[in-house]
Amino acid sequence: MNMNLPLPALFAAPLAFFFFAVAAADPDLLQDVCVADLASGIKVNGFTCKSNFSANDFFFDGLAKPGATNNSLGSRVTGANVQSIPGLNTLGVSLSRIDYAPEGLNPPHTHPRATEIVFVLDGELDVGFITTANVLVSKTIKKGEIFVFPKGLVHFQKNNGKVPAAVISAFNSQLPGTQSIAATLFAASPPVPDNVLTKAFQIGTKEVKKIKSKLAPK
């Protein structure tokens, strides 16, 4: 190291590395590959490594075709994460394809372990996220355009058009996790107590039970 460098220069590189490491969503890998053994009963922060692997552990064709959107929300998320691509274990990246019927909604949700960036394949979407100061940041995006949702913030996508839409989403985590706000609160198991929900949303018990019945697993 050149000790003749001014003090700020000496600390610049280590500080840059430190802040990069802190900002990373998943920890860095310590070997070439660690293909997930999804059948292992051992619980770690991630998945244990298989002793043998093949090219198929790094391959997935599930995003090639649109997902079925004939459901109550009019949207379908197809994940390409470590659960479908074991070779992603420890690599800190994943993708999803989201398809939307006309008027389809990917409802308000969060990804607790990752920032998300979406690229529009087809159609047009109204998208947005809400900051912790309750500020809505929203925009209409169309084919070929990109929008970013910061890690952990509530966000949504809505197809207000008359034709289907689709995006590819990228995450800086092998398994970003998804918490849909409505389902998390009204379809949890065991259930969130009614008196918590009535007070939080300033609604009556009848309304809570009605929402729970609609969101109950089919």
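Note that Cβ sites are derived from N, Cα and C of the backbone, with glycine treated the same way.
Curation plays no part in TrEMBL annotations; they are all automatic predictions.
Here TrEMBL flags ASN106, HIS111, GLU116 as oxalate binding site. Residues annotated as Mn(2+) binding site in TrEMBL: HIS109, HIS111, GLU116, HIS155. Residues or ranges marked as disulfide bond in TrEMBL: CYS34-CYS49. Residues or ranges marked as domain 'Cupin type-1' in TrEMBL: 61-209. What TrEMBL lists as signal peptide is 1-25.
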For this session: Determine, to the nearest whole angstrom, how far the Cα atom of GLU116 (oxalate binding site) is from the Cα atom of CYS34 (disulfide bond).
Result: 24
Exercise. Where the distance is taken from Cα to Cα, which of the binding-site residues ASN106, HIS109, HIS111, HIS155 turns out closest to CYS49 (disulfide bond)?
Worked result: HIS111
Exercise. Under DSSP, the domain 'Cupin type-1' (61-209) has how many residues in helix, strand and coil?
Worked result: 22 helix, 58 strand, 69 coil
Problem set entry | Remaining residues near the recorded oxalate site, that is with C-beta within 8 Å of the centroid of the site residues ASN106, HIS111, GLU116 | SER96, HIS109, THR110, VAL118, PHE149, HIS155, SER169, PHE171, PRO176, THR178
Problem set entry | Site of maximum Cβ density within 10 Å, from disulfide-bonded residues CYS34, CYS49 | CYS34
Exercise. Whose Cβ lies within 8 Å of the mean position of the Cβ atoms of HIS109, HIS111, GLU116, HIS155, the Mn(2+) site, other than those residues?
Worked result: THR110, PHE129, PHE149, LEU153, VAL154, PRO176, THR178
Seminar exercise, completed: Cβ density check for ASN106 (oxalate binding site), other Cβ within 10 Å (all protein chains) comes to 25
